[in-house]
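S.K.: Okay, handing you the structure first.
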Amino acid sequence: MTTFLSGIQPSGRPHLGNYFGALRQHVAASRKAGEHFYFIADYHSLTTVSDADELRDSVRDLAATYLAIGLDPERAILFQQSRVPEVCEITWLLSCVTGMGLLERAHSYKDKVARGIKPSVGLFTYPILMSADIIAYDADVVPVGKDQVQHVEMAQDMVTHFNTRYGDVFKRPEYRLAENATMHKVLGLDGEKMSKSYGNDIWMFESGKKLKKRVGQIVTDSRPPEEPKDPDGLFLFDLLALFLEPSELGEWKEKVRVGGEGAPGYGHLKLRLMEAIEEHFTEARARYSELMADPAELDRLLTRGAERARERAVRVRDRAYAACGLR
Ligand code: TYM
């Protein structure tokens, strides 16, 4: 049986990139045969979030988001990372077989440092904790967005190093990207990768005036509507492609390519995007609000999820401890 696993950090609210790159895949995969583990990576968030209340709220927010978009907590095990402390024990085992050079090559670490974030040891060793997350549940497949691919490859390297030293202890995971390439790296308001830490994101459930404001901030140029343009050079179309049927998308692109009187301006395209976002999440947004109104129920679900997840992690931890002589 295939085991699927993935995680998301509770640092700010989940955005369209999280949804199309990951969460949507998680829900779709969980409807198919296999075992499914999805977790809220709160240990990881400590590398960037320092407000305790904010962290607590974000954990519930993500749990409600997963349920609102259709994750069935009976089919999939939904839990909070820190409720399974065995992950930290496995992190230590992996730390002892991982060279500094491997971590120094991590793009995500290098990007954060380049953007002025002062690195803690936790930020540096982040990929080891992430590898432990994956390995602790004997995961086979890890559905993620493109920015996390290197981290899953690092987990593969760590498994190889550990198993070479101690025998066939850990399973080797594979990453899986969304089928549609536009979803691998969803772009933000400025045309860079959409990211909570870059402040260029759109919250999945944003609506009304706030959504209008956010979409209005998508960077465009000052060319007039009538000027013919190459639509493939406009990243606004990458965002539209996430929501529109190919036929409708094609029609808009053609009008922009031809230009002339009556061609849509950037304002028109943004309006269409805004409507499409509102519409796509109508049901999920309503369900999310209902779920958020009952935090005790969310906590109950997460507690139950953690109990189920922990059973597996304890077994894997024991297997690894025995292999390396700690038991
Ligand atoms: P995080 O919280 O940054 O993102 C969660 C998921 O969303 C994907 N994603 C995107 N996909 C497409 N376009 C984007 N602009 C975009 N931004 C984010 C990410 O690729 C990810 O799949 N380190 C992880 C959390 C984690 C994890 C794990 C994931 C911790 N342990 C174990 C998998 C397995 C992270 O920071 O994701």
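The count begins at 1 with the first shown residue.
Cβ atoms are placed via backbone N, Cα and C, with glycine included.
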S.K.: Using TrEMBL as the reference, determine which range in 78-82, 193-197, 213-217, 293-297 is annotated motif ''KMSKS' region'.
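M.R.: Matching range for motif ''KMSKS' region': 193-197.
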S.K.: Helix, strand or coil by DSSP: which one applies to LYS196 (ATP binding site)?
M.R.: helix
S.K.: Those binding-site residues, SER11, ASN18, VAL186, LYS196: which ones have a Cβ sitting under 6 Å from ligand 1?
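M.R.: Checked binding-site residues vs ligand 1; flagged ASN18, VAL186.
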S.K.: Using Cβ-Cβ distances, find the residues under 8 Å from ASN18 (ATP binding site) that belong to the same chain and are at least 6 apart in sequence, listing them in sequence order.
M.R.: ILE8, GLY145, MET204
S.K.: What are the sequence-distant neighbours of SER11 (ATP binding site), meaning same chain, six or more residues apart, C-beta distance under 8 angstroms?
M.R.: SER45, THR48, VAL49, SER58, LYS196, SER197
S.K.: Helix, strand or coil: which one is VAL186 (ATP binding site) in, per DSSP?
M.R.: coil
